[in-house]
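Taken from TrEMBL, the feature disulfide bond applies to CYS81-CYS89, CYS215-CYS238. Here TrEMBL flags 19-114 as domain 'Fibronectin type-III'. Summarising the annotation, TrEMBL assigns domain 'Interferon/interleukin receptor' to 135-241. Residues or ranges marked as S-palmitoyl cysteine in TrEMBL: CYS274. TrEMBL lists 249-272 with the feature transmembrane segment.
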Amino acid sequence: MATPTGPPVSCPKAAVARALLLGWVLVQVAGATGTTDVIVAYNLTWKSTNFKTILEWEPKPINYVYTVQISPRLGDWKNKCFHTTDTECDVTDEIMRNVKETYVARVLSYPADTVLTAQEPPFTNSPPFTPYLDTNLGQPVIQSFEQVGTKLNVTVEAARTLVRVNGTFLRLRDVFGKDLNYTLYYWRASSTGKKKATTNTNEFLIDVDKGENYCFSVQAVIPSRRVNQKSPESRIECTSQEKAVSRELFLIVGAVVFAVIVFVLVLSVSLYKCRKERAGPSGKENAPLNVA
């Protein structure tokens, strides 16, 4: 029996199904291609000194943006640096609310032309951060120093922070109290052997050798911490006893010279007046006549 020949029979339902399937595949491929352009942030790092706190991460975005969210350990997420192309975000105003709280942040990645959707974007969590324990201590500044005889007095500047209570910015000592110590390293300018003294205030008063010049630096320390215990040392300062002695000697010598000059002038004027009085009206000195 011969097989019938003729034009193929069309199947419109099958064609529509194939078209829909192909379209769905293309959409999925396009969506997958779009998501590969978004790179998840990595190397999230807290940079904090005296409670000024910046969250940093990598990489620099191309055709996508970041949003930072931060939260206390048991709190809600709060958006910071919304849809930014930067790779850092200042979160100081969030962590200063309670510097003894532990915070976590995360960095979300979005396509640059994204619209708000219910779908959560890819993100990376930061390590936990407790400001009171983890912020670095800034380099101290020596406010003033004075050496008088055998006493050296050194005052450390009271550094301000961005931590506020009732609208007032607190100083570092206000936040840490007696937990904050200062160490003074000092040595004779003519020697390399260092000594040290410690105080839980901002002032030192130590015994030194009279007439010797001393150099010194200061370091902030929180002994109760396990890490980040010490700040960088302050700039080195030195006393100058020789210059002070020379200056005092110069003043004394100057005063003596001035007194001598005044004395000579007064004496000269007095002698001149005496001679003038002795000379009399004729201009010659009055003298007794010789008796023949």
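The backbone N, Cα and C atoms fix where each Cβ goes, glycine too.
Unlike curated entries, TrEMBL annotations are predicted automatically.
Shown on the structure are the features that TrEMBL records.
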residue : record               : Cβ within 10 Å
CYS81   : disulfide bond       : 20
CYS89   : disulfide bond       : 22
CYS215  : disulfide bond       : 16
CYS238  : disulfide bond       : 13
CYS274  : S-palmitoyl cysteine : 10
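CYS89 (disulfide bond) sits 40 Å from CYS238 (disulfide bond), counting Cα to Cα. Sequence-distant contacts of the transmembrane segment (249-272) (same chain, six or more residues past either end, CB-CB distance under 8 Å): none. For the pair CYS215 (disulfide bond) and CYS81 (disulfide bond), the Cα-Cα distance reads 46 Å. Separating the Cα atoms of CYS81 (disulfide bond) and CYS274 (S-palmitoyl cysteine) is a whole-number distance of 94 Å. Reported as a whole number, the C-alpha separation between the residue listed as 'S-palmitoyl cysteine' and CYS238 (disulfide bond) equals 58 Å.
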